[in-house]
Amino acid sequence: MAKEPKRPEDLSIWEDAHAMIRKAKAEGIETAWDRLERQTPHCKFCELGTTCRNCIMGPCRISTKPDSKMNLGVCGADADVVVARNFGRFIAGGSAGHSDHGRDLIEVLDAIVQGDTEHYHISEPEKLTRIAAEVGIATEGRELNEIASDLVDECYKDFGSRRSSLAFLSRVPEQRRVLWDRVGITPRGVDREIAEMMHRTHMGCDNDAPNTLLHSARCALSDGWGGSMIGTELSDVIFGTPTPSRSVSNLGVIKEDKVNILVHGHNPVVSEMILAAARIPELVEKAKAAGAAGINVAGLCCTGNELLMRQGIPMAGNHLMTELAIVTGAVESVVVDYQCIMPSMVTVAQCYHTRFITTAEKAKFTGAMHFEVHPHNALEQATAIVEESIKAYTERDKGRVEIPAEPVEIMTGFSNEAILSALGGTLTPLIDAIKAGKIRGIVGIVGCNNPKVKQDSANVGLAKELLKRDILVLVTGCVTTAAGKAGLLVPEGIEMAGEGLKEVCGALGIPPVLHLGSCVDNSRIMHLCGLVAKELGVDISDLPVGASSPEWYSEKAAAIGMYAVASGVMTHLGLPPNILGSETVTNIALEGLEDIVGAHFVVEGDYVKAAELLDARIRMKRVGLGLSE
Ligand code: SF4
Ligand code: MSK
């Protein structure tokens, strides 16, 4: 019997998504959910992580059945080796994504220092000087440009292989640094750890699964405390440190009477310029002359998060809303940089008047319009993109427009600096609230959507479960829009929190779920953990904290999970990585890492059970600190 097609209500918890899935179906447009159905069931070997394509004596499929004749690859690699190598390369891919993003920010700061750009500026001299001092650069009595130049050099050095440890490890508690040294996973250089992972996983190198896994931890640490952290900090220096502000979210932020430009990807370098161009009065006049009421820039995924955090622009949606946003028929252009951009969006855009515009030399899409953006031409290119979007508006088919929701209010902008300022300049009120049990613990819920999970059911469900237990929730990435749409990113959200959390957030006038930014901004959460641990004189693994990625899909999310665990934070994943074909690797991830780095992964698809596991961990850590459960 043919399988019943899934109803939109089974695919997502959101009405705006349901409406657009129906519209897409009616208009013959396919989405990720349709393609997932056709890809299911997936290859079992790949799901278990036991396929290897690392040389052409293969490809090999390693059977996990004990009596199989196929339990070794041609070279003799067994399931443990193959799974560990595949997982290592997966983590290296994620670390490379975040860190190459970080490098792009160094290049922009370098262009500012060299006078090679008129479009970007140092907008936070105080932060630049502060982080320069933090990494050991002399700042007293020096010109800002000299300090910036030295900071650029320091950051570039973090990518190379001349160092024994990264500059921002000064933010890591001493106990943890000693542990990393003892285990041999102190990250030395971002590019070095990534390149070494590729080397180790070449045929005939690291054929000891636990050893390969340790290097994946080192590789991920170079992302979390290196590439990502540089990305976050330099973005703040160039575009401003986020401060709390209000905005709105869901597909209702797309405006029927405006030229709608959606920015998508991760890096603020392009999207900030698009926003600047959209505010140029002559371009606004051009849009009006074309019959629109103005120009509306809204965000998707993490570049949206970057602009939301700093500029308060509205958020149209997260990962699984990206195709659906175009289906509204009211999007003039989707302007992308890189990462998490489904190639299918080119096709969806072609079904409408929508321009799909790429901007990065390293992320071109066949069939897209390409306006390459560099520091020296950024505003000119952004202006041309906005002009193209205005032209697209004149081609919009008004009969196909459907905007399915009213926007929901959200609050954003909780950088660590903003959190400290809300607390009166010191962590003491937060620590006191933790000690008193009003905030029993803190969990970062981060990451993506995955069509294998009903969209945002677990992202929102887990957040609500934790709030009830007086656990403060921090969000980044695509969980942001989920939490926002669920009403958790406004101060009124405290009604869904337990009494203690309600009291603390109510007194501060903040939401019970705080938005800390984009995927690279998970480094803010790591930094915050470091600050709290140092203040208490303990290791990060002693803190009543946890991490979770309930609906993750990407290599980058795995890298985030790995650096969280290696930093001492137990991390929940809603779906397993492709490692289950090796008992050794699975056992190390789920248990063994606890003995090595003081934290481990848990995999649990049921968000209520996941909340219980995180809660149990928090209880254990509280008792360890001599606090009430
Ligand atoms: Fe097969 Fe070994 Fe080559 Fe992998 S490295 S494809 S297991 S022969
Ligand atoms: S965009 S990595 S889908 S969070 Fe950062 Fe969202 Fe996950 Fe991409």
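Every residue gets a Cβ built from N, Cα and C, even glycine.
Annotations in TrEMBL come from automatic prediction, not curation.
Keep in mind it's a predicted model, so treat the numbers as computed, not measured.
TrEMBL has this to say about the protein:
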type	residues	note
BINDING	C43	[4Fe-4S] cluster 1 binding site
BINDING	C52, C55, C60, C75	[4Fe-4S] cluster 2 binding site
BINDING	H266, C302, C340, C448, C478, C519	[Ni-4Fe-4S] cluster binding site
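Candidate binding-site residues: C75, C302, C519. Those with a Cβ under 6 Å from ligand 1, in sequence order, are C75. Checking Cα-Cα distances from C478 ([Ni-4Fe-4S] cluster binding site) against the binding-site residues (C52, C55, C75) with a 10 Å cut-off leaves nothing; none qualify. Filtering C52, C340, C448, C519 by Cβ distance to ligand 2 (under 6 A) retains the following binding-site residues: C340, C448, C519. When each of the binding-site residues C55, C340 is scored by how many other Cβ atoms sit within 10 Å of its Cβ, C55 comes out lowest. Annotation for H266 ([Ni-4Fe-4S] cluster binding site): spatial neighbours H101, C301, C302, T303, E306, D337, Y338, Q339, C340, S518, C519, V520, criterion Cβ-Cβ under 8 Å with sequence separation of six or more. Taking C55, C75, C448 as the binding-site residues under consideration, the smallest Cα distance to the residue listed as '[4Fe-4S] cluster 1 binding site' is found for C55. Across the structure, C52 ([4Fe-4S] cluster 2 binding site) and C448 ([Ni-4Fe-4S] cluster binding site) place their CA atoms 26 angstrom apart.
Taking the centroid of the Cβ atoms of H266, C302, C340, C448, C478, C519 as the [Ni-4Fe-4S] cluster site, the other same-chain residues with Cβ within 8 Å of it are C301, N305, N318, H319, Q339, G447, G477, S518, S554, K556. With every protein chain in view, the residue among the binding-site residues C52, C302 whose Cβ has the most Cβ partners within 10 Å turns out to be C302. Other Cβ atoms within 10 Å of the Cβ of C60 ([4Fe-4S] cluster 2 binding site) number 19 in total over all chains.
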